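Comments concern the structure below.
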């Protein structure tokens, strides 16, 4: 049986092996340090925390990130320590002094008659002899308040989850053991904090000395990897151009999956970009240089989306062509009554069908393609040949960039000038090659690709005009690929130029200081600041100090805004009540309730000793960490944590008994056994897929607890030793199950469905996509005279026009990245929602996965539209504006209405109506046939020059602006097709309300008006 790819890939990777060695040493040293009696005594009864924290925060990252992660852990401890200390101070003030004095006198009398008075007094403390009701209540209040706010931090600020968890743990320790003491004990957490601090020092030393890596180095290595991945995406287009009806779906999935992985890695990389200037780094490039390169590379990543989206367009076209080929004469065309009834029945149940006008259009296109030998099978080889040189030049350029970045990163200690000259030479060759291939494609090979269509443009013998008989489908497929390849090539060329300029600028190796110090020095010397240029490869966008705030259009339909103090107060109460029913608020309430419920045994005299001896604190911590906002996440966590605990306990028992046999602890055998088993354990901890992380962490924690606690109990005199080896393992597992059971009960009171959250999140994403579509359309139809006002004397773009387009590009990128991130999160949430089971019936997960795929395709289509609009000349856009079907106000209204209705159906669960099940492509053609717009005049020419629709002649067809505009049109049609499919899926999910006889009436009406 073959090993998983995450195992084989990391076994082969030198970087992964170095990381494993460093983390193994850190964790092994963190465990070995508790073996000598002197260090064990210093660390205390929580000495195992050195090894435990090494599993949770492994030193697998650059120094700055490790320090930040450890700082979050320590801050969590300090937050819990602060709350616990305040609770103890308040509890001591609330404690009955008379009762305390009486209890102390009794304890002193019993201790005086004992052989070991100190041990007897400690035993009475942990047996709960000094518990006081008032004091316990104060601790309970602080525990409830603290866990409530830490739960809110975990729900609303996921990046603070580590702080929240460790803050909760330290607060649990304080509030569970604090009530037992009759006097102030503010140092309860000393052992935990000393142990964690000890590991922090170990991690810092090892990161610094064993295979050290800076964020600068990590980012350059990642940039080289991105260049390689982008090179692979461009190379895949060669295979995509050979696609057939049978293979295009698999090719689409391969390209989409590769790009999705690329985007996910990019988003992960950006999380560390903010720290790149907070370190000392030796090399040629500083943090700002790398950030500029990353922004330039981001231009390629965003623009290549259109090239990847071309496979989706091709898949849709092949699908349509296959349907038409399999059913060339539809029931509507043949007039067969039985078949028409079948179609009518499908329509009545909400299944869409092609209208007569679309079927006629498809058939006309098929006929035109066959007449001129311009079918997809004829066009794709021609397109492949025409773009071959340009694609190869792009691959060579990205390969050169990868080589240069990798060489600069790995040879940062070398000062040889010949290396710099060699990198400049390689870049110059690649830039010249790509620039030449791009110009050759624009001027020669693109024209040769269009020659057959130019020939088909001429009037035919049948009397039809060439434009009416032109095979638009295969033409637009070719133009979309060509335009997206041109856009990608230009971005690669800009990236290579930026890289070449950086290599030429930074020829000497030097030590770069943290930017914070340089910023302070610059602030001291300078009198004012200056704006910074944008990243290379993108036009400069000036930074605005006051960014436009998003306008809130929603209103409360039940009341107007509050007008006085009383109304404001009541409005706050109303909003608080509404918030209390949100999943996040309910999670915080459940979190608090289960914390109090499992804390109570620690402050009841009848159970305090048992709770302390059997480590009931573990059950409390497990209940808190297992509880999740949604039921699906909770069930998944419960299963993975339980399985991880079992496996960790088994490994811990093997390590303990192999290293110690039946003895009470052999330091040499224990160190050897831990060292051997720690290699696979740490490998899984570092490289296991992210979805298994919770289970892996629980397994690692249980492994450490079984071995670590066994050693501590064998070597330190403690009250209520739980045992060594097997007793520790089974008690740990039972306590985990108790905590999981308690959290499961809380999950059911009431459960928050992850499936409902998936449906609502889909509705929200659709609303955001609709807003993005509206944003695109507003720019498409904006100000008919903007082109004339902003053009320079020679027809070149003025700074004002560049600023307008750059502002549009910036906003478009931000919106697309934001929605893409939401879609990625929804994809994970959908996979997790399967864990809720099929109690009330099977959950249609396939339909929701299709929804996510369609939403992703819609984002790609909108990105294609936006990219084409930024390249299209404003004069051309204005000339075509009133003759373009996709910006017809009625069609835009239909699209927005469909967006809103589908989102509303998903949000409320209400069924759609059958009358809405009509193709938006048909609506575009219908609105386009309403009539020809009246001739208009250009006001800038004194009202004498008419604005007319330029006829598509040979010159127009060969122009790049026509290709850009056609690419935008294809993007809108793809969006409309996606929205049609999305509406059908929503109808299957939420239902469809039929209208008796409507399906048959629509068929008859279409036949009579065609």
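Every residue, even glycine, has its Cβ placed from backbone N, Cα and C.
Taken from TrEMBL, the feature domain 'Putative ER transporter 6TM N-terminal' applies to 1-422. In the predicted structure, the domain 'Putative ER transporter 6TM N-terminal' (1-422) carries a mean pLDDT of 83.
The transmembrane segment annotation in TrEMBL covers 20-36 (among others).
Feature annotation from TrEMBL assigns transmembrane segment to 65-83 (among others).
Per TrEMBL, the feature transmembrane segment maps to 136-153 (among others).
If you look up TrEMBL, you'll see 160-180 (among others) marked as transmembrane segment. Within its own chain, the transmembrane segment (160-180) has Cβ neighbours under 8 Å at 56-57, 69, 72-73, 75-81, 83-85, 87-88, 91, 125-126, 128, 130-132, 135-136, 139-140, 142-143, 146-147, 150-151, 153-154, 188-189, 192, 595, 599, 602-603, 608, 611-612, 616-617, 620-621, 624-625, counting only residues six or more beyond its boundaries.
According to TrEMBL, the feature transmembrane segment maps to 192-211 (among others). Sequence-remote contacts of a segment are chain residues at least 6 beyond its ends whose Cβ falls under 8 Å from one of its Cβ atoms, and for the transmembrane segment (192-211) they are 18-19, 21-22, 25-26, 29-30, 33, 42-44, 46-51, 53-54, 57, 59, 61-63, 66-67, 70, 73-74, 77, 81, 170, 173.
The feature region 'Disordered' is assigned by TrEMBL to 325-349 (among others).
If you look up TrEMBL, you'll see 337-349 marked as compositional bias 'Basic and acidic residues'.
According to TrEMBL, the feature transmembrane segment maps to 475-499 (among others). Residues 234, 237, 241, 292-293, 296-297, 299-300, 303-304, 306-307, 309-310, 313-314, 317, 374, 376, 379, 382-383, 386-387, 390-391, 393-394, 397-398, 400-401, 404-405, 427, 430-431, 434-435, 437-438, 441-442, 446, 449-450, 453, 535-538, 864, 867-868, 871, 960, 962-964, 966-967, 969-970 of the same chain, all 6+ positions outside the transmembrane segment (475-499), place their C-beta atoms under 8 angstroms from a C-beta of that stretch.
What TrEMBL records for 529-557 (among others) is region 'Disordered'.
What TrEMBL lists as compositional bias 'Acidic residues' is 540-551.
Within its own chain, the transmembrane segment (585-604) has Cβ neighbours under 8 Å at 128, 131, 136, 139-140, 143-144, 147-148, 151-152, 155, 168, 172, 175-177, 179-180, 579, 610-612, 616-617, 619-620, 623-624, 627-629, 739, 742-743, 746-747, 749-750, 752, counting only residues six or more beyond its boundaries. The transmembrane segment annotation in TrEMBL covers 585-604 (among others).
Residues annotated as domain 'Integral membrane bound transporter' in TrEMBL: 612-745.
The transmembrane segment feature in TrEMBL is assigned to 638-658 (among others).
Annotation comment: TrEMBL describes 670-688 (among others) as transmembrane segment. Note on the transmembrane segment (670-688): residues 6-7, 10, 16, 19-20, 23-24, 27-28, 31-32, 35, 55, 58, 60, 651, 654-656, 658-660, 696-697, 699-700, 703, 707, 711 of its chain, located 6 or more positions outside it, place their CB under 8 angstroms from a CB of the stretch.
The transmembrane segment feature in TrEMBL is assigned to 695-712 (among others). Sequence-remote contacts of a segment are chain residues at least 6 beyond its ends whose Cβ falls under 8 Å from one of its Cβ atoms, and for the transmembrane segment (695-712) they are 31, 34-35, 40, 45, 47-48, 51-52, 55-56, 640-641, 643-645, 647-649, 651-653, 655-656, 665, 670, 674, 677, 681, 684-685, 688, 718, 722-725, 728-729, 732-733, 736.
Taken residue by residue, the domain 'Integral membrane bound transporter' (612-745) breaks down under DSSP into 109 helix, 0 strand, 25 coil.
Under the criterion of 3 or more C-beta pairs below 8 Å, with sequence separation of 6 or more, the transmembrane segment (136-153) and the transmembrane segment (638-658) do not qualify as touching, having fewer than 3 such pairs.
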